[in-house]
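One structure is given here, and the rest of the page talks about it.
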Amino acid sequence: MGGNMLANYVQVNVMLPLDVVSIDNTFEKGEEIRAQLKKLAEAGVDGVMIDVWWGLVEGKGPKAYDWSAYKEVFELVQEAGLKLQAIMSFHQCGGNVGDVVNIPIPQWVRDIGKSDPDIFYTNRSGARNIEYLTLGVDDQPLFHGRTAVQMYADYMKSFRENMEQFLDAGVIVDIEVGLGPAGEMRYPSYPQSQGWKFPGIGEFICYDKYLEEDFKAAAVKAGHPEWELPDDAGEYNDTPEETQFFKDNGTYLTEKGKFFLSWYSNKLIEHGDKILDEANQVFLGCRVQLAIKISGIHWWYRVPSHAAELTAGYYNLDDRDGYRTIARMLTRHHASLNFTCAEMRDSEQSSEAKSAPEQLVQQVLSAGWREGLHVACENALARYDATGYNTILRNARPRGINKSGPPEHKLFGFTYLRVSDELLEGENYVTFQTFVKRMHANQDHDPSVDPIVPLKRSEPEMPIKMILQAAEPKLEPFPFDENTDLPV
């Protein structure tokens, strides 16, 4: 019986603090982190997740990498008997929900932006976003002779060489490749640092000269040299109805609107595809899983235009699956999909935001499973209550436990955001321990569940046409029970 129940086990990881490694790239919190890791291990968690900040490691100059602080952290994780999910964090920390520290991208890269500010994502009014380089410079050799993609690839190569001992020992099991702001594969369409407030629709962020030129060339090729980037899509804090683009029967449904949205979302898919191809080459043969993170943009999900998803680069409509296309691209690299907002209930949201996090989670997880991917999840906001945990448990095994073997669908893993004194004390810690046990299907902690196989080389490049076939028809999500059968 135990063996069959073990097939229902979902791994639980916990994110470490954003500033484990300090802003001067040293590790000063040894005792504090050691104590936290001990309590996490005692709670039965499987591993931890950590941001490996580009701005710290390559902060001193091109290819001047310093991994020493991270090595110290990884040693403590290994000592605690935990696994490690490492995020290749090519974005700035600061300016997003929950960011408590400020770690910019490397200064020498930002200096290049002083003479060429178009290396940064730009909105229609010309405001630059310095959280992450625009995907318009992926192939532009502007960085002391390197392109953005080459910089990311070199960083990952150096990580592999310097962290060989932890890769060989099976400590590092997951490499999550950062593909945008907050490490998520999206455009920075809703930056708090520029005045965005929930539930604003956000803005299209493709007005740097590199993306503008790319769009112009695409429009000419399509036989419409007169088409321009949208000028009717409103501002960060608008509602869909306040804009010509997103209102019912708006521009998004016209030939020109569809052309733009295809271009905008395809650029994002190509960006992920390119960088994952590099990551796959770097970690080939390692026993790690490659992963990317997709943002949970649940507001305006209930309006026909899905405005907030569209500005972020997810071309998702009631009759078009904007997530299954991304999932299909991931299949080529044997990569997994990590999604967020697993703890949210539709009933907890304000009605004005037309928000539907549960439906969104069900759509995205189903898209990943239909493409045969490992699908993982995390929570968007810290929760310590039974309702939050039970919602995660329901999403982890949508039809509950299967006593005779693996359930039809289950999450490959769940990562809890984030370790804190509040989580590890008193009643909160007791509830969290129960949650971990329930995620493990009431089995004891078992490191042998879902072993990671050596990473195989990416499949041949998939034509964008084949990727886009996954968008239609948009299928109903798999059935999800209303509540979990193993509540906290």
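Numbering starts at 1 and runs along the chain as displayed.
Each Cβ is built from the backbone N, Cα and C atoms, and glycine gets one as well.
TrEMBL entries are annotated by machine, without manual review.
Sequence annotations record features per position, and here TrEMBL assigns active site, proton donor to E184. There are 24 other CB atoms within 10 A of the CB of E184 (active site, proton donor), with all protein chains counted.
Annotation source TrEMBL lists active site, proton acceptor at E378. For E378 (active site, proton acceptor), the same-chain residues lying six or more positions away in sequence with a CB closer than 8 A to its CB are M15, N338, F339, T340, A342, F414, T415, Y416, L417.
When Cβ atoms from all protein chains are considered, those within 10 Å of N379 (substrate binding site) total 22, not counting its own. Positions annotated as substrate binding site by TrEMBL: D51, H91, D99, K293, H298, T340, N379, A380, R418.
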If you count other CB atoms within 10 A of each CB, which of H298, R418 wins among these binding-site residues?
H298
Tell me, if you would, which residue among D51, D99 (binding-site residues) has the fewest other CB atoms within 10 Å in the structure shown?
D99
Give the maximum pairwise CA distance in Å, whole number, for the residues D51, H91, D99, K293, H298, T340, N379, A380, R418 listed as binding substrate.
24
Give me the CA-CA distance between D99 (substrate binding site) and E184 (active site, proton donor), in Å, as a whole number.
14
E184 (active site, proton donor) to R418 (substrate binding site): how many Å between their Cα atoms?
17
